[in-house]
């Protein structure tokens with residue numbers, strides 16, 4: 001490591017060796033320079049980690065670490081790269097080993113280091129070599145930990161997007177770039193952290209975990225790359241350090257190094273899909289599972305874009321309905337489990353079919369994947385995407401016998417509020433229902449009787465500790481669907497309305 005005591009140079013106020021007297025200058029008045037001053041480094045911070053802070057913004061041409069002062073200087077290839085880096089870190093906290101470091105321009109226009117600092121320069125050369133195509137990439141990276149993770153998603157029952165990945169992985173450090181792609185019919189991603197230690201912590205914590213209950217299992221390994229080259233910001237690739245990038249044609253663009261790495265990186269994470277490794281949602285004790293529920297929130301809120309479906313309609317066509325029983329309200333309640341229903345129209349000339357307009361196309365996808373083939377009022381319903389973009393309301397003065405209903409201003413939408421717990425409690429229809437908002441004076445017998453009156457049989461019941469939530473198990477999924485339709489938002493007295501969702505648990 002370069003040490004200030006053996007550099008043979010004195011320091012000015014920014015810790016830099018020699019140069020202009022900057023004591024009169026306040027930190028924020030420093031002019032842009034391609035040399036970046038980094039302060040308050042953790043004692044054990046390595047040169048690689050310091051280089052990794054600058055790497056996403058461009059070529060790093062020199063580094064000087066002042067070990068005794070917990071400081072470092074990073075020289076970028078261009079002043080533009082340094083400006084982008086400082087601007088980015090003014091909005092996003094720079095972390096090394098989960099400790100905040102401080103970044104500003106140095107008063108120096110370039111770094112002059114002597115040849116004695118061979119180890120640091122060797123690391124810099126290794127990282128630089130790995131940034132450009134060449135057969136020596138693997139060898140040089142043997143000594144350099146990568147800030148880039150390669151992620152494969154097994155058992156992908158629900159769609160997973162850039163935003164979902166960013167929210168999950170940012171718990172462990174600053175996410176700089178993400179590229180997603182499909183290889184061997186599998187969804188994969190490359191994700192670059194600001195430093196290798198964050199990548200290591202994320203890999204340790206998340207490898208083998210499920211994003212959602214019993215599915216979307218993360219398989220994580222280190223990539224051979226140390227820097228991702230992202231050319232477009234769209235639903236397939238994102239460079240969070242450069243928001244000005246164009247959207248492109250929707251296809252990520254890779255540099256040659258990435259292509260090499262894909263072929264070498266392709267199979268080590270494939271393996272047997274485990275059972276529930278800790279997905280999102282409620283545990284049996286009513287608490288949330290340990291992983292951040294942000295990804296479930298993103299899916300539930302309808303921000304999830306299924307590959308190739310981003311331009312699709314938010315309107316569903318539901319057929320084979322029981323026309324004697326079905327109402328716009330019953331469809332609103334059932335489909336409202338998976339998204340915010342805006343309008344429902346039962347077709348006047350074909351009353352076993354209905355159009356349902358969700359607030360976003362992604363919510364329509366989610367509802368279709370969960371409800372197609374389920375039994376409602378004794379009939380197996382079919383759910384497909386409609387060609388309609390909206391559901392038309394009847395013309396003024398025209399009575400369509402209550403077959404069309406506008407729910408746009410309904411207070412019962414589950415997903416209007418960002419961060420709502422409803423985002424974390426989304427599961428396929430099941431015989432077990434999750435109840436919440438139960439008044440304190442309501443007993444198990446009260447609830448058993450209430451649910452028996454929907455025409456089904458209550459098989460089991462369990463209160464959570466605070467008695468505001470409970471699980472109730474019906475004898476079939478169809479009975480549970482019926483009970484949810486009948487009793488979600490049921491007034492339990494004192495203007496307290498019961499909330500009913502499908503549960504992943506059994507009792």
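Cβ from N, Cα, C; glycine included.
Just so it is clear, the model here is predicted, and its values are computed rather than measured.
Sequence annotations record features per position, and here TrEMBL assigns region 'Disordered' to 1-22.
Annotated compositional bias 'Low complexity' per TrEMBL: 1-13, in sequence order.
The feature domain 'RRM' is assigned by TrEMBL to 34-118 (among others).
Residues or ranges marked as domain 'RRM' in TrEMBL: 149-225 (among others).
Residues or ranges marked as domain 'RRM' in TrEMBL: 314-388 (among others). With DSSP classes pooled into helix, strand and coil, the tally for the domain 'RRM' (314-388) is 19 helix, 24 strand, 32 coil.
The feature domain 'RRM' is assigned by TrEMBL to 431-505 (among others).
Computed over the domain 'RRM' (149-225), the whole-number mean pLDDT of the model equals 86. Taking H, G and I as helix, E and B as strand and the rest as coil, DSSP gives the domain 'RRM' (34-118) the counts 28 helix, 26 strand, 31 coil.
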